[in-house]
Ligand SMILES: [Mg+2]
């Protein structure tokens, strides 16, 4: 009879126990309590029926969730990959876009519209592409793009494409076709998937928050060509969209007017800078954006005297080359933003510098090692070199954390994830049963495990930026590698005293027993807002 052996095994190996409270517990990888009448009902069933009842445990996965686990993550938490003692940090450095300045999706739409216009008017792409409006929920940061095949996809930490997340234009590519396109595997070799800065010869990883509209335009143009049966070279399209996107950013730099429609949380940026300076910290800014653009935004957020907060201001720095190429000297800009020709022998407060390089910066300031903490949103351009080559402490701004935390706090997510883990535990225990009936059931479980994913709770096309079905994403692995700390926005700093030490949670390695239960509160309750900052929120 189907699944007899599995049922027998559940009863004999999973320690069905009667408790004095009148409940029965199956001790597998999880604990399930059933009432006495449920237990009687199960024992009265034939094994197959009992098994199906047990198999249907997903309906009761809410019973597996400890009380109070939903809605406990605080979206303003700072998370630690590495221990950081703020007391030892004397100097705070910042990127500008998506670090000091956070933007709304209205800015993404503006960049998309301008880039689409450039693609059609300058490169003479078909007018039909103009009919594709911006889709704010389509793309997600950290995705890879296969330049020659014209495919957008999510790749995990082990370089495997997550099936179900491959898009040609705006349409998903069937799993069988993906396997066929990649030679019978969905693994992409390191040399193809990524160079040091995420630009492999075959794939590009989009790590910039600004690149969401670029990915969306690529998808729209690919979709237009594919839907209309027009032959084209995806390599040319990739280059042309890339240039159109850069042109769109140039337009943004010259015409952008900072308003509440585009810039969010400006008050909190002011509060962070004011608090750091008032506690004796030194601040500096290194951005790739031009001075006029930064000046307008900072005046809007912080006020006319924003430069008083900073000891050094560097614009158009050309990161990541700023961090690893010592060829470019600093140049000074005058009050009108015009380039000066004098030799730079010191980096002075109140001055604006352009270009330069980190080696001169370190020589002129002496700001070395772990007394410097640098904040940026781009894992490659802002943080990778600093972490791997120069020994500054790094903090990643990940605005997506806010939305993802909201999802993780829902009961639906908790139930889906708990059931996924329970199912995985059952599969691990029961996989040795090789009789035909058991194998059929195991196949059903495997199928359900693939379907019982939480992907749709996040971005409906690509899921969470941090996880594929069962693994961390490529983005996640890089985030852990290149950042000591990560947080949704700079304003999270307002929740912590400046002598606070961030401790990473000690999660057990695969070969270690989960013997400790410390730090359960990380992200949950240990970050009461400082009273003096309460008015900001
Ligand atoms: Mg940035």
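Every residue gets a Cβ built from N, Cα and C, even glycine.
Whatever TrEMBL says is automated annotation, not expert-curated.
Taken from TrEMBL as is:
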- 95: active site, nucleophile (ACT_SITE)
- 97: active site, proton donor (ACT_SITE)
- 95, 377: Mg(2+) binding site (BINDING)
- 97: GMP binding site (BINDING)
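Counting only same-chain residues six or more apart in sequence, the Cβ atoms lying under 8 angstroms from the Cβ of residue 95 (active site, nucleophile) belong to 285, 286, 287, 319, 374, 375, 376, 377, 378, 382, 397. In the three-state DSSP reading, the residue listed as 'active site, nucleophile' counts as coil. Within the same chain, the residues at least 6 positions away from the residue listed as 'active site, proton donor' whose Cβ sits under 8 Å from its Cβ are 103, 209, 210, 287, 288, 289, 377, listed in sequence order. Taking all protein chains in view, 24 other C-beta atoms sit within 10 angstroms of the C-beta of residue 377 (Mg(2+) binding site).
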